[in-house]
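S.K.: Quick one: the structure is below, questions incoming.
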Ligand SMILES: CC(=O)SCCNC(=O)CCNC(=O)[C@H](O)C(C)(C)COP(=O)(O)OP(=O)(O)OC[C@H]1O[C@@H](n2cnc3c(N)ncnc32)[C@H](O)[C@@H]1OP(=O)(O)O
């Protein structure tokens, strides 16, 4: 895996990504952001991509919390995408598979034969149990937990502290609210809150 990385997105999420890169002993070369008013993130300079002439051989991590924005950026930029970045304190089964552009935050757990797509965020302390199947651009927020064999469609966010019982199918581009408890399947494109989860 490359020892040098770009980070795209000078956000709070970007700060956590930078600290993962540092914890892995790799080097952040530059942070990119389309907002020209941002010049620095932590100790790193922030540059608009068009002014930076990025090296096509240095991979990027798109550090954007919003799933749709992250997808649009990833699909419109010709960057080399980084292999998954996994914080050293996370526990990832050797039988789990993670695709490029995905980041696993401190303390997260991904268990046996789980599959995680491209450009996903498995946030701090989240649990993705055995045999779960996560499509691209999914965000599992801090401390959320998916029991075994849960499927999550593209672009869905599971909110902070939410819990999903085993075998549930959650559709594409859904939002599961903070602390929700999901005990039945969720169709595409809806927001579900509460315990038990109800559509709003
Ligand atoms: C490191 C990081 O920071 S990662 C980021 C993690 N962030 C999250 O997990 C955020 C998750 N987001 C939420 O929970 C939000 O409240 C959402 C997306 C579910 C709803 O947001 P909005 O669309 O703005 O809905 P709104 O606030 O208008 O609420 C709609 C209704 O749902 C209720 N509601 C909203 N969120 C929740 C929730 N988490 N649990 C229970 N009820 C909720 C509201 O009280 C309201 O009810 P009412 O119509 O009876 O008054």
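Note that Cβ sites are derived from N, Cα and C of the backbone, with glycine treated the same way.
Copied straight from TrEMBL:
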- 4-75: domain 'PglD N-terminal' (DOMAIN)
- 11, 12, 13, 65: substrate binding site (BINDING)
- 130: active site, proton acceptor (ACT_SITE)
- 131: site 'Increases basicity of active site His' (SITE)
- 139, 160: acetyl-CoA binding site (BINDING)
S.K.: For residue 139 (acetyl-CoA binding site), which of these recorded positions sit within 10 Å, Cα to Cα: 11, 12, 13, 65, 130, 131?
M.R.: 65
S.K.: Which residue, of the recorded positions 13, 130, 139, has its CB surrounded by the fewest other CB atoms within 10 A?
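M.R.: The recorded positions 13, 130, 139 were compared, and 130 has the fewest Cβ atoms within 10 Å.
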S.K.: Can you give me the same-chain residues 6 or more apart in sequence from residue 160 (acetyl-CoA binding site) with a CB-CB distance under 8 Å?
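M.R.: Correct list: 123, 141, 142, 143, 144, 178, 179.
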S.K.: Between the residue listed as 'active site, proton acceptor' and residue 65 (substrate binding site), what C-alpha distance do you get in Å?
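M.R.: With the alpha carbons as reference points, the distance is 25 Å.
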S.K.: Would you mind reading off the Cα separation of residue 13 (substrate binding site) from residue 131 (site 'Increases basicity of active site His'), to the nearest angstrom?
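M.R.: Cα-Cα, rounded: 27 Å.
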S.K.: Excluding 11, 12, 13, 65 themselves, which residues in that chain have a Cβ inside 8 Å of the centre of the Cβ atoms defining the substrate site?
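M.R.: So the extra residues in range turn out to be 9, 14, 15, 16, 63, 64.
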S.K.: Any idea of the Cα spread of the substrate site, 11, 12, 13, 65, as a max distance in Å?
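M.R.: Max Cα-Cα spread across the substrate binders: 9 Å.
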